[in-house]
Amino acid sequence: MASKVLRAVVLGPPGSGKGTVCERIARSFGLQHLSSGQFLRQSLHGGGEVGVLAKQYLERGLLVPDHVITRVMMTELEKRRAEHWLLDGFPRTLGQAEALDRICELDLVISLHIPFETLKDRLSARWIHPASGRVYNMEFNPPHVHGIDDVTGEPLIQREDDKPEAVTARLRKYKDAAKPVIELYKSRGILHSFSGTETNKIWPYVYALLSNRIPPLRSEEEH
């Protein structure tokens, strides 16, 4: 493990493969994969003040606003001041990025660029297990039984914003919110962008970048 604590972020639109890239980085380099979606689900089940607030938005089918998700994330990051970590799904907006600045300095930001049509196809084929956040893709990662979660046997759902008619608006909204965040990290010289249609083709370049910052625990070939 490197002597300096490494703080990294993976940015990318919905369907870009952020979660997959983060899991591979976590396994290969020993960074903690911190997912904003996972922390949000935990806060919902925890029943605290922030969880109750978040639930009110989610039950109405609304995005959880900046101040709520920021409180969730700041609480979790405060507990991990001495640890290497990798953020997935946060920051999504300039306000969130500014909040993150107040508690730490990032070393590395990875931005994934995937063609619009690829994202549209991936999202429209995506189904999830609501309780765990497990994601399936009906084209390249389907469940063993159609419509059923592999682990629990519970039904899968397609989120309203993954339905084809909602995807275009969702991607446009992400792009508008992410643009100033990307510009901020670019101006600091810590942004590294990777483009492609397949995670497997992007991964070797991400692996090479990280290898220059922190010793790998596993070789790239193990993936």
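Glycine is treated like the rest: Cβ placed from N, Cα and C.
Look at TrEMBL and you will find G15, S16, G17, K18, G19, T20, R126, V135, Y136, T199 tagged as ribonucleoside 5'-triphosphate binding site. Here G19 (ribonucleoside 5'-triphosphate binding site) comes close to S35, D88, V135: these same-chain residues lie at least six apart in sequence, with C-beta atoms under 8 angstroms from its C-beta.
Annotation source TrEMBL lists region 'NMPbind' at 35-64. Taken residue by residue, the region 'NMPbind' (35-64) breaks down under DSSP into 22 helix, 1 strand, 7 coil.
The number of other Cβ atoms within 10 Å of the Cβ belonging to F90 (AMP binding site), over all protein chains shown, comes to 25. What TrEMBL records for S36, R41, L62, L63, V64, G89, F90, P91, R92, Q96, R170 is AMP binding site.
Restricting the average to the region 'LID' (125-162) gives a pLDDT of 90. Residues or ranges marked as region 'LID' in TrEMBL: 125-162.
What TrEMBL records for 126-161 is domain 'Adenylate kinase active site lid'. Tertiary proximity for the domain 'Adenylate kinase active site lid' (126-161) is limited to same-chain residues at least six positions away from its ends with a CB under 8 Å from its CB atoms, namely 14-15, 19, 35, 37-38, 41, 61, 167, 170.
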Site extent for ribonucleoside 5'-triphosphate (largest Cα pair distance over G15, S16, G17, K18, G19, T20, R126, V135, Y136, T199, Å): 16
Cβ neighbours of Y136 (ribonucleoside 5'-triphosphate binding site) where a neighbour is any other Cβ within 10 Å: 21
List of residues, in chain order, with Cβ under 8 A from that of R92 (AMP binding site) and at least 6 apart: S36, I69, Y174, A177, A178, V181
For R126 (ribonucleoside 5'-triphosphate binding site), the one of V64, F90, R170 that lies nearest, given that the binding-site residues are compared by Cα: R170
For V64 (AMP binding site), the number of other Cβ atoms found within 10 Å of its own Cβ: 20
